[in-house]
Each structure stands twice: as C-alpha cells, then as structure tokens.
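A.B. asks: Structure provided below as structure tokens; questions to follow.
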Amino acid sequence: MGKKVAIIGAGVSGLASIRSCLEEGLEPTCFEKSNDIGGLWKFSDHAEEGRASIYKSVFSNSSKEMMCFPDFPFPDDFPNFMHNSKIQEYIIAFAKEKNLLKYIQFKTFVSSVNKRPDFATTGQWDVTTERDGKKESAVFDAVMVCSGHHVYPNLPKESFPGLNHFKGKCFHSRDYKEPGVFNGKRVLVVGLGNSGCDIATELSRTAEQVMISSRSGSWVMSRVWDNGYPWDMLLVTRFGTFLKNNLPTAISDWLYVKQMNARFKHENYGLMPLNGVLRKEPVFNDELPASILCGIVSVKPNVKEFTETSAIFEDGTIFEGIDCVIFATGYSFAYPFLDESIIKSRNNEIILFKGVFPPLLEKSTIAVIGFVQSLGAAIPTVDLQSRWAAQVIKGTCTLPSMEDMMNDINEKMEKKRKWFGKSETIQTDYIVYMDELSSFIGAKPNIPWLFLTDPKLAMEVYFGPCSPYQFRLVGPGQWPGARNAILTQWDRSLKPMQTRVVGRLQKPCFFFHWLKLFAIPILLIAVFLVLT
C-alpha cells in the first residue's frame with residue numbers, strides 16, 4: 001500500500017498533485033473548500049473568503065500551447081488566449097480524462113495541519129478538516145499544499161494618508177466582477193499590474209473617467225508578437241534564455257529594454273518602470289496604450305494623500321470627485337492552517353528549497369505546489385513541481401542536507417534580487433527552473449543527444465517554444481505523443497485563426513527572428529573586435 005498524501009486545494013496545482021501521486025503509486029486525498037475544481041479559474045459572481053477570485057472578463061496571458069498539461073493539449077479549435085470559462089472547461093476535461101475527481105472531497109475545509117509527536121522519525125501529519133460543521137482528523141504520511149497565492153488580498157491602507165476620510169467606495173480588485181455598476185462613475189485604480197490594467201481599460205468604456213495610479217511603473221506587453229504569433233511562443237525559448245544569461249550585462253539589458261519598447265515608447269505614456277532593466281513580470285494588456293492615446297485612461301504617479309472626495313498625487317495634481325477607488329495591489333502569502341514554524345518567512349520571502357520544500361524540517365514530507373511565478377505558465381510548472389514532490393515523498397528522489405538547501409536558497413535569492421528586484425521574491429527564470437526540476441526526476445531533454453539522433457525535433461526544442469511537451473519527452477511519465485505535439489504546435493496555434501484562409505500557412509523562421517533582434521549588438525561586437 002502506498003503512502004497516504006493529503007492535498008489541500010483542487011485547482012490546477014491540486015489536480016497535478018493528485019495525478020503525480022497516482023503515477024508514483026501514492027494514495028492521494030484532496031480536500032477542496034468549494035463545490036468544484038478549478039481554483040482561480042472557477043469564476044464566481046461574488047468573492048468567497050479563503051478562495052481565489054477573478055473578474056468575469058479574465059483571459060489567459062499565456063497561450064494554449066504554452067500553458068497546457070504536458071500530455072494533454074488544449075483542443076485544436078480553442079483560441080490561443082482563452083477566456084476563463086474555456087480554461088475551466090479544459091481543467092474539467094483533464095480531471096475527467098485522468099479520473100481524478102474520485103480522490104477529491106468537496107466542501108471540505110482544512111482547519112489545521114500539525115506534526116505528529118513522532119514526526120522526527122515518521123514524518124507524519126495530523127490533518128483536521130471540517131465539513132457541514134463536523135470536524136474530522138486523519139493521519140497522513142505527507143502533505144501537498146496547493147491553495148495558491150492569490151487568496152489573501154494585500155490592502156495597504158496605512159500607506160495612503162487620509163484614506164479613512166474618503167467618502168466614496170473603496171475595495172480590493174478581488175471584489176471587482178464586471179463594469180456595469182460603474183456606469184458614469186469617476187474611478188481611481190491603484191496598481192499597474194495585470195488586474196489593475198484590465199479593470200481600468202474595461203471600466204473606461206462605461207465610467208466617466210478612469211485613472212491608474214502607479215508607484216513604480218511597468219512594462220506593458222501585447223499578447224500579439226512578431227508577425228501576429230503569440231508572444232510566448234516566440235520569446236520563451238531555450239536559445240533566447242541562453243543568450244539572455246550569457247551575453248554581457250550591458251548588451252542583455254539594452255536588448256531587453258529595446259524588446260519591451262518595441263510596440264511603443266513607455267516613457268511617452270507615463271508607464272516607464274523606475275528600473276527598466278529589472279526582469280519583473282511585465283503587464284499583458286493589448287488595450288492600455290490605445291486607451292491612453294484616446295484619453296479614456298490616464299496614468300498618474302503614486303497617491304500622496306486622499307481627501308473626502310479626491311486623491312492628491314505626488315506630482316501635485318488632483319483627481320477630484322472620485323466615486324470609487326479600486327486597489328489592485330496584489331496578494332499576501334498565508335497558510336492559516338499551518339504553524340508558522342513549518343513554512344518560515346523573512347523579508348517578504350517564503351523560505352522554500354526550489355520553491356517547494358521547507359528546508360528546516362526533520363523529514364521532507366510537506367511540499368508547496370504552485371508558489372513560484374515566472375514568464376512561463378502555471379500549469380506546466382505545477383505539473384513538474386508535483387512530479388518531483390511525489391518522487392521525494394515516495395523516496396525515489398532525495399533532497400540535499402539542510403545546510404546545502406539553505407545555501408542554495410540564499411544564493412538564489414541574491415540572484416533574484418539582482419534580476420527581478422527586492423519585492424519579487426517568488427519570481428524565477430522559467431526555463432532554467434524547469435530544467436532544474438526535470439533534471440531531478442530524469443525528465444530533462446538531452447539537447448546534444450537530440451541533435452545527433454533527431455535533428456528536426458532538436459531544432460524545434462532548442463530554437464522553438466519551450467512548450468510543456470518537452471518535459472514529457474523522456475523519463476518517468478514519458479508521453480508517447482510528446483514528439484508529435486512539439487512538431488505540430490505551430491499548426492495548432494494557427495488553426496483557430498484560420499476561419500478565412502487567404503494563403504499557405506507558414507511557420508516562423510527562428511533564425512531570422514533572432515537575427516533581427518541581435519543584428520545591432522552583433523555589429524557592435526564585431527566593430528569592437530576589429531578595433532581592438
């Protein structure tokens with residue numbers, strides 16, 4: 001009989017964890033607070049306490065070929081960037097296809113997870129749950145925490161003097177659902193993240209006036225990239241990652257800023273980040289630049305002070321007659337069912353080895369799935385995290401010593417601060433991270449070997465999109481359809497758009513894409529070498 005594993009949450013992280021446990025012969029029991037799977041992607045017309053909440057118009061920022069489970073592509077006719085209802089439809093189909101629903105206890109709230117008295121030798125946990133007012137406790141050999149990090153809103157009211165005197169409505173973006181109730185209103189959105197920009201542009205169609213207040217600015221990217229292809233299929237590549245991590249810093253930074261300004265010059269729109277070379281996750285919004293051009297959205301600096309009816313910005317300008325302030329100020333990390341000694345934090349950083357395992361426990365029998373954030377998609381990331389975690393729980397994989405894990409955490413955190421900034425503690429380099437995890441379980445593709453044995457596939461794997469299928473090519477959980485999925489991914493990305501075919505479809509040429517991007521720096525390097 002396999003080890004018993006408690007899984008908290010039935011979103012994409014929880015479903016991936018159930019499947020990974022089954023692949024390793026473990027016995028999963030998943031506890032889900034609501035009455036359905038999907039987590040973040042399950043829309044509700046009201047925000048529920050202790051559960052992620054989205055607005056009705058949410059679309060994905062990752063394209064379908066880059067955000068699927070590695071052995072379960074999205075249907076061919078699904079659009080590249082999907083409405084939340086389409087993603088929920090896909091999640092349900094995945095759960096049914098993999099026969100996962102029978103392992104989930106719905107409407108069950110996990111109230112506490114505690115070490116058993118003999119934890120130092122057994123690694124076991126007491127898990128207490130509540131359902132219909134009744135409490136139950138059970139012993140589990142391991143726990144996988146899949147409750148997400150978009151649950152507890154960060155609403156820093158103390159950072160805004162005078163907010164307590166403001167007479168209009170004031171709430172966090174998690175409580176925003178649709179724009180109709182803001183017809184003719186004057187709205188201030190605080191925060192220039194994905195939610196803030198989405199809400200501001202959506203409200204601009206019905207509200208009288210909309211302003212966005214940003215403390216530090218942000219890069220704003222379009223989902224549509226060169227020649228109309230999805231951005232991530234062109235930018236999230238192994239070759240691109242190699243260049244980014246090996247070019248001289250000055251050239252890498254210059255290229256990054258040039259890439260971010262390819263669509264429009266951010267400085268002219270008041271969007272330029274304070275430190276533009278930091279690789280903080282950009283905002284994905286196709287409407288914001290046009291909304292600013294048309295004057296229906298204005299960008300302002302940080303709010304210095306609120307009055308009863310207005311906001312005074314740091315540049316001295318005033319937005320008067322405000323009806324509503326929406327704080328799109330992100331979320332805080334919290335695991336209320338766990339003792340603080342289990343998952344420690346410091347300086348807004350949760351201390352986890354590779355973003356998954358608490359390093360200071362006697363036994364590595366608790367894992368956090370879905371806590372990292374990157375330019376890559378969540379679903380393939382949590383799939384790989386859960387596969388690794390399941391192997392560690394089973395005993396197939398072993399972790400380094402506590403000292404080695406802490407040294408790795410400290411080293412990585414220094415690199416993160418340099419690359420992403422001090423506040424972006426859960427950001428990571430997607431391909432580097434995925435290769436690291438896949439190497440632990442023997443699922444990392446061997447690129448040199450591929451070039452020798454299957455050059456056609458190797459070219460697509462190295463120069464093409466780093467799609468999820470790459471991490472089911474070899475090793476445990478290998479998917480026989482992975483090779484074909486990689487070679488046909490461009491066809492699937494084009495199919496939903498070909499409702500009026502006007503010519504022969506052509507795949508992008510990776511060589512010319514990168515040559516165009518690096519033409520100037522290559523020329524500069526050549527001149528430098530000649531002169532020296």
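A Cβ is built for glycine as well, from the same backbone N, Cα and C atoms used for every other residue.
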A.B. asks: Pick the one from Glu32, Glu48, Glu49 that Swiss-Prot also lists for the FAD site with Gly9, Ala10, Gly11, Val12, Ser13, Leu40, Trp41, Asn61, Ser62.
C.D. replies: Glu32
A.B. asks: So among Ser60, Gly196, Cys197, Asp198, all listed as binding-site residues, which is physically nearest to Gly9 (FAD binding site)? Use the C-alpha atoms.
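C.D. replies: Out of the listed candidates, the nearest Cα belongs to Ser60.
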A.B. asks: Counting other Cβ atoms within 10 Å of each Cβ, which of the recorded positions Ser13, Ser60, Asn61, Ser195, Ser401 scores lowest?
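C.D. replies: Ranked by other Cβ atoms within 10 Å, the recorded positions Ser13, Ser60, Asn61, Ser195, Ser401 bottom out at Ser401.
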A.B. asks: Going by DSSP, is Cys197 (NADP(+) binding site) sitting in a helix, a strand, or coil?
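C.D. replies: Once the DSSP labels are grouped into three classes, Cys197 (NADP(+) binding site) ends up as helix.
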A.B. asks: Would you mind reading off the Cα separation of Ser401 (phosphoserine) from Leu40 (FAD binding site), to the nearest angstrom?
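C.D. replies: Roughly 35 Å, rounded to the nearest whole number.
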A.B. asks: Please tell me which one of the binding-site residues listed here (Gly11, Ser13, Leu40, Asn61) sits closest to Cys197 (NADP(+) binding site), measuring Cα to Cα?
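C.D. replies: Result for Cys197 (NADP(+) binding site): the nearest of the binding-site residues is Asn61.
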A.B. asks: My understanding is the cutoff is Cβ-Cβ under 8 Å with a sequence separation of 6 or more in the same chain; which residues meet that for Gly11 (FAD binding site)?
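C.D. replies: Once residues fewer than 6 apart are set aside, Gly11 (FAD binding site) is near Ile37, Gly38, Gly39, Leu40, Trp41, Ala52, Cys146, Gly148, Gly370.
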